Structures are given as structure tokens and as C-alpha cells.
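The active site feature in Swiss-Prot is assigned to K15, D140. Summarising the annotation, Swiss-Prot assigns ATP binding site to P98, T99, G100, A101, G102, L103, G104, G105, G106, S107, S108 and lists sequence analysis as the type of evidence.
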Amino acid sequence: MNIADGRQAFPAPAKLNLDLRITGRREDGYHNIESIFCLIDLQDTVYLKSRDDGKIILHNPVDGMPQEADLSYRAASLLQKYARNPAGVEIWLDKKIPTGAGLGGGSSDAATVLLVLNRWWQCGLTQRQLIDSGAALGADVPFFIFGKNAFARGIGDRLDEMDIPKQWYVIVKPPVHVSTAKIFTHEGLTRNSASSIMPTFQNLQPFRNDMQAVVFKEYPEVWKAYSELSRYGFALMTGSGACVFTACQDRNSAYNIYRQVSDLYEAYLAEGLSKHPWLSV
């Protein structure tokens, strides 16, 4: 969508980890995972405006964060070396995805910047090259570039499309920010889950999140939110938290739960997507 001042709007959807297992620690300090990634229609909007002077300007960085540290800024900077002509861009972020929530908002914004600028700047990078580049920005970025619901391996950069039944989700965000680094370095974290032999949506049930127990111990607020949501059905934490969610087969069922929990917590009602909205642009 074009805006009067020349900006164009692009979607950046959130994700849920419907299952997340840690299968080992790598020599470089990172962890190998296996996870089901599902796109949802809760999304940020990334506004971009091209410049021809080589400057990258992020107009509304997160409070207290220099623009050079923002993933969207870093994504644009990363692509500049591949641009055919001196290329710049102005970036505005309309944030609807809560931060520090395990929903991948910052990573999705960065992936959208990579996808758009790869086209605008005629960088010519393949999807695989974009995924490899995006992995340097964050573990969730490759999934958003892949653009379809997926089973992820490695550090999240080995992706296979997975068919996920259409579902609605009620997402609850407790009033706490979870430190991903703290959880991944915790001595109590499970790091030896068995790798899946035939990973399908059905075969991986019952779903789990290997980080959940540690997060509950270190952040009681997440446990409280999980306990409340569990009253209505099977609940699970996404990513390293802090959000927890439950799935429903139809919107009415999800909305009834949402009405109850939204009186107690910041809550979201979201529909599952089969592909990134960018694929329809």
C-alpha cells in the first residue's frame, strides 16, 4: 500500500512455536532445536521509502535502543553490499506484536525488510541466501523469510514446509520480559531431547516446549498466566516466553476464552495463517 508521502506498507506477521525441543548444544555456543513454527495474523506493519543517497534511517527505534542495534536497521545495512546502485531506505515500524513475548516481532520486521529490499535494490539473492543472511540477525528470521508454516531444525535455519490444521489462538502476555539469554544458559534447561524421525503435526503430539519449565521457575508471572489459560484447554508457552497460548478449532470458541482472560491479562485473538502475506504481494 502506498502512502501519500511515498512510503509503502508491508506486513510482518507474528509466529507461534506449537512445539519446541532442544536437541543439543553446538560448539559455537548456540543450541540445535526442532520446532513447529506457525504464522498468525497478528502483525506489525513495516513502512519503507527508498532513498538514493545510501542512507538508512529508522524513524521510530525502540525507546533506549540506538537505531544501529535494531534488527530492521541491521537487515537493511546487511543488504547494502549486494545492491546494484547506491541504495538507501527510510524505515517506520507500526508495532502491534508485543516485544519480549516469544512471538518473533523484531525478527519478522527484519525479514520483511530483507524481502522487500532484495527486490527494490535488485540484490538478486535467492531465498536460501536470504535465509543464511537472516540467520546472522536472529534465529527466527529464517522462518519468516521461508514464509510458510514449517518444521525447523538446526538453529532454526533448516526448514521444511509443514501442513498445520486451521486453528484460532488465544495468546496471553504476562507483565514480564523474559531474558532469552538467561534461559538458554540456565543449568536446568533440557538440552538432550531426541530428534524426530518422522516429524508431522500429528506425530509430534503431545506438544511441549523444553524451555517452559525453566521459565516458569524463574518467572512466576508466566506460570500464573499459563495456569489461568490452562483452565480453558491445553496451553503452551511460545519461544522463550513470555507469551502463552491455547488453540481452538473455531473463532467463537477462541473469542469466548479471549473475553475471559482479557479481563486479567494483555491478550490477543489470532487466526493461523498458511503462508506469509508477502507471498501474496
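Backbone N, Cα and C atoms are what each Cβ position is placed from, and that goes for glycine too.
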Most Cβ neighbours inside 10 Å, all chains, among the binding-site residues P98, G104: G104
ATP site shell beyond P98, T99, G100, A101, G102, L103, G104, G105, G106, S107, S108, criterion: Cβ within 8 Å of Cβ centroid: A14, I97, G239
In sequence order, the recorded positions (P98, G100, G102, D140) whose C-alpha falls within 10 A of K15 (active site): G102, D140
Spatial separation of D140 (active site) from G104 (ATP binding site) - C-alpha basis, Å: 6
C-alpha spacing of S108 (ATP binding site) relative to D140 (active site), in angstrom: 8
Same-chain residues at least 6 apart in sequence whose Cβ lies under 8 Å from S108 (ATP binding site): A12, P13, A14, K15, Q43, D44, I97, D140, F144
Secondary structure at G100 (ATP binding site), reduced by DSSP to three states: coil
Same-chain residues at least 6 apart in sequence whose Cβ lies under 8 Å from G102 (ATP binding site): N17, V178, M237, T238, G239, S240, G241, A242, C243
Among G100, D140, the most crowded of the recorded positions [Cβ within 10 Å]: D140
Number of other Cβ atoms within 10 Å of the Cβ of K15 (active site) across all protein chains: 27
DSSP-derived structure type at K15 (active site), helix or strand or else coil: strand
